[in-house]
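Here TrEMBL flags 361-447 as domain 'Sof1-like protein'. Per TrEMBL, the feature region 'Disordered' maps to 418-442. According to TrEMBL, the repeat 'WD' annotation covers 62-104, 105-146, 285-317, 328-369.
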């Protein structure tokens, strides 16, 4: 009679030091574990529940402004630095880690509507309704120790006065030009007191501007005539204009796919477009119940954050039609501006209640240094949740969000109105001649025409 035995050398399972982990030998033959899927499902369920328990996205508020925060800009030199401008003309440089003001930039006589920094982070450009463009030298040495420099003021290195009020500004990604918008689109050189180039298409106010991260000569603007316009600095006139049914308040390029951009619209939706094919939207991102005021992409290009007039901040997947996360507080009012930090870990929102708020981009993420074992376990739990996310119980827990009562009621009312409108259109189509009312996809429904 032959008996099979397990024989191992003691060197294989003996610890070298008492602090080492015990080695465990496992046979991964699926026939030996008939309950493996049931065990993994239970782990996925527990992981989804624990994610909800530990979801605490709000980190803190930064107060100091005495009027609504209207615009923000990030600093490429420092992860923990962010600029904010308010409706009373006050501009501040914040240390996010300490949540304190590092420096103030006084001078504007009205609302600050545009803030942007140069690629090297040494120059801050601000513009507002007082018809001035101001250039500031960024005091980067003061970011080292905020306790000694809190509340310091800085003076502008240049002040340029122009003919009309400004509504937005943006800097080229790898050049020294910057653009301002208002009654027209102006291209500025920091060393000249007048624009080096100007574009105009129509007489309506231009609201926002963004340079393409892939091509520094291309920029896009949104205007109050419900249009999105593409400009090329190498041409003497605008390139393409897209007219929609409602106005776009802000627009942002995808940093990893520079041909794609997303527009934040007044009709509560965000629309992602391919700049090479503007006759239809790639994806319509739904979720808000009031006008979307601002939008910003994460550095990875896989997510973007929106701030809305309905007093909420939402995070969308760049390919998702509904938000994966919604942030709100009792005191936060209408959100006018939002930004991702350069490492993609945090969000900053500026609202009508004069405060900036700091949020985690992943609500249940553990801050601080993680041990390798902790990181591996979290990756395993995320993989298990992804594998079983289609099952009803896991799906229900992962998707559930607590909403403020006004937003919950407004969402239900909006859903009822959309369903009624769809029923009405379907009845009209039934009682019309065949082919007289073709079915139009929602991605094309909000677009009126494209003008070359």
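Every residue gets a Cβ built from N, Cα and C, even glycine.
DSSP assignment over the repeat 'WD' (285-317) gives 0 helix, 19 strand, 14 coil.
Long-range contacts of the repeat 'WD' (285-317) within the same chain: residues 249-257, 262-272, 323-328, 332-340, 342-344, 347, 349-351, 359, 361, 404, 407, 410-411, 414, each at least 6 residues beyond the stretch ends and with a Cβ under 8 Å from a Cβ of the stretch. Outside the repeat 'WD' (62-104) by six or more residues, the chain places 110-117, 119-122, 124, 126, 128, 130, 136, 138-140, 142-143, 146, 149-154, 168, 336-339, 341-343, 346, 348, 350-358 with a CB less than 8 A from a CB of the stretch. Across the repeat 'WD' (105-146), mean pLDDT in this model comes to 84.
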